Amino acid sequence: MGAGKTTVGKLLARRLYRDFIDIDEEIEKAFGLPIPEIFSVHGEKAFRDKERELIEYHGSQPLLVISVGGGAFLREENRNHCLANCTVLYFDISWDSWKERIHVLTETRPLLKDKTLQEMEQLFRERQSIYAANHSEFQVDDFEALEAAEYLADSLKLSWDIHAPQA
Ligand SMILES: Nc1ncnc2c1ncn2[C@@H]1O[C@H](COP(=O)(O)OP(=O)(O)OP(=O)(O)O)[C@@H](O)[C@H]1O
Ligand SMILES: O=C(O)C1=C[C@@H](O)[C@@H](O)[C@H](O)C1
Ligand SMILES: [Mg+2]
């Protein structure tokens, strides 16, 4: 959560000439409400069910850059679907860097609401293992968003050049 998937994903899509889909934004459109209100009015389960449905749909479309929400991989079906149909990039951020971002995250991320710093650290650390379900890890700490997008675009292009089927 808050590692930069939406910010960098949007920039990366532009560099790869791909359309960009942000699953959180699609969920908000589906409910016609911002995320904190979806959680308070409909509950987290309704949010997660819609997230599941939209990941299944968009994650099956070709040639997209998709940003999922920070909790999407808590569900095994989401992990399996993305791993089977997409190239999954994990944005790894250290606790020290993440701590600096808390102030911009708390208003819009209901799971951080009313949590102490210690409780946030616990949530941050207990989630690390689920993010091991990926195809490639990217350490975001030392990159500005634009640099991160450029680095990822170059890496993906290089990997496509190396692995492209021979004509
Ligand atoms: N590389 C970066 N360096 C500094 N700040 C960044 C960077 N990437 C994103 N940010 C800032 O961090 C905040 C969270 O970024 P963003 O919303 O892209 O995260 P996210 O991974 O999509 O989060 P979520 O999992 O909640 O969807 C934003 O305020 C954004 O401007
Ligand atoms: O990490 C999470 O569980 C979440 C992250 C956000 O992207 C949103 O999907 C929502 O606030 C939940
Ligand atoms: Mg996001």
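Placed from the backbone N, Cα and C atoms, the Cβ positions cover glycine too.
Just so you know, TrEMBL annotations are computer predictions that nobody has curated.
As recorded in TrEMBL, the features of this protein are as follows:
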type	residues	note
BINDING	Gly2, Ala3, Gly4, Lys5, Thr6, Thr7, Arg109	ATP binding site
BINDING	Thr6	Mg(2+) binding site
BINDING	Asp24, Arg48, Gly70, Arg127	substrate binding site
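Among the binding-site residues Asp24, Arg48, Arg127, not one has a Cα within 10 Å of the Cα of Gly2 (ATP binding site). Residues Gly2, Ala3, Gly4, Lys5, Thr6, Thr7, Arg109 make up the record's ATP site, and a Cβ search at 8 Å around their centroid adds Met1, Val8, Ser67, Gly70, Phe91 from the same chain. The Cα of Lys5 (ATP binding site) lies closest to that of Gly70, out of the binding-site residues Asp24, Arg48, Gly70, Arg127.
Each of the binding-site residues Lys5, Arg48, Arg109, Arg127 was scored by how many other Cβ atoms lie within 10 Å of its Cβ, and the smallest score goes to Arg127. Among the binding-site residues Gly4, Thr6, Asp24, Gly70, Arg109, residues whose Cβ is positioned under 6 Å from ligand 2 are identified as Asp24, Gly70, Arg109.
With a cut-off of 6 Å between Cβ and the nearest atom of ligand 1, the binding-site residues Gly2, Arg48, Arg127 reduce to Gly2.
Other Cβ atoms within 10 Å of the Cβ of Thr7 (ATP binding site), summed over all protein chains shown, number 16. Between the CA atoms of Thr6 (ATP binding site) and Arg48 (substrate binding site) there is a gap of 18 Å. Contact annotation for binding-site residues (Lys5, Thr6, Asp24, Arg48, Arg109, Arg127) versus ligand 3: Lys5, Thr6, Asp24, each with CB under 6 Å from a ligand atom. Sequence-distant neighbours of Gly4 (ATP binding site) (same chain, 6+ apart, CB under 8 A from its CB) are Phe91, Ile93, Val140, Ala145, Ala148.
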